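Down below is the structure, laid out as structure tokens.
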Amino acid sequence: MTWSATARGAHQPDNTAFTQQRLPAWQPLLSAGIALPLFFCAGLAFIGLGLGLFYSSNGIKELEYDYTGNPGTGDCSVCAAKGQGRAPPPGCACSWSFTLPELFPGPVYLYYELSNFYQNNRRYGVSRDDAQLSGLASALRHPANECAPYQFRSDGLPIAPCGAIANSLFNDSFSLWHQRQPSDPFVEVPLDRTAIAWWTDYHVKFRNPPLVNGSLALAFRGTAPPPNWHRPVYELSPDPNNTGFINQDFVVWMRTAALPTFRKLYARIRQGNYSAGLPRGTYRVNITYNYPVRAFGGHKLIILSNISWMGGKNPFLGIAYLVVGSLCIVMGFVMLVVYIRYQDQDDDDNDDE
């Protein structure tokens, strides 16, 4: 068989400008007249965006209270002392009182914050069974091996929901009360606990197993709750649309955080007389203290915050834009000085020639 340079092989591409990489190309020549305006314009744009983001973040109001219960920090220290690093006795309660001299504009969001809690630990992050959480009946009885040691109870019953993430579910609870005048009684502020989880989590990723004779409790028969839970998953809420694997608090907790200090949404305040925000007056947050954090050196906070078009309070993004914009301006001036200095030398060299 003779070989021909023009013969097309089985794997030879078409003889086109695209496949043979003969398309026309253009490469800009970055002269000083082009590069310097680009640096200055980019710097001004970044600084403008940074100022807008920073101003918007500073306009967000926040109230926070550390109720970890360190000695001498209020009545929550009594609950923390009773637990001695573990969960305190059931029903231990404390409170936080504060006064608002003016309207706290809404919409107002209630968060809890944990610190020194590494949900991003690999073994912790994979300790779950997504098939079980999606309501698959076979996974309910046979949890994934990743859930170990929270896969089966000591008597052999499968744990539902299994895994370390579910076992460490945050279980403090809060209620907010308002007193308009010193002589008035405290009135409970309605907390909207619905739609606090991501839409995709609540409607797609988390599903309850099929009901048995119309009962969710029968669907979970033959399973055990996680060791740290005081009640089974089907009793998380009396609302049938907010219990089991689709409980909003549970779904929010199961979306793990990337950093050791994180906030999770607990409720919105947007109903009745509080749709525009929190009116002035005295407020009291009643806290049911259940969750132990002192054993791992953590802290827990309750936070009231409103939001802006960019979300919650986060000055980092605005500061980052300001830093990048300032660096662009500084580098532009440095290159301008270098250009002016060495341009004169080039002109002198050309005159000598």
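Each Cβ is built from the backbone N, Cα and C atoms, and glycine gets one as well.
Between ASN286, ASN306, the residue that has N-linked glycosylation site written against it in Swiss-Prot is ASN286. According to Swiss-Prot, of the candidate residues ASN171, ASN213, the site noted as N-linked glycosylation site is ASN213. Taking a C-beta cut-off of under 8 angstroms and a sequence separation of 6 or more, ASN286 (N-linked glycosylation site) has the following same-chain neighbours: ALA93, SER95, PHE174, SER175, LEU176, TRP177.
Of all Cβ atoms in the protein chains displayed, 7 besides its own lie within 10 Å of the Cβ of ASN213 (N-linked glycosylation site).
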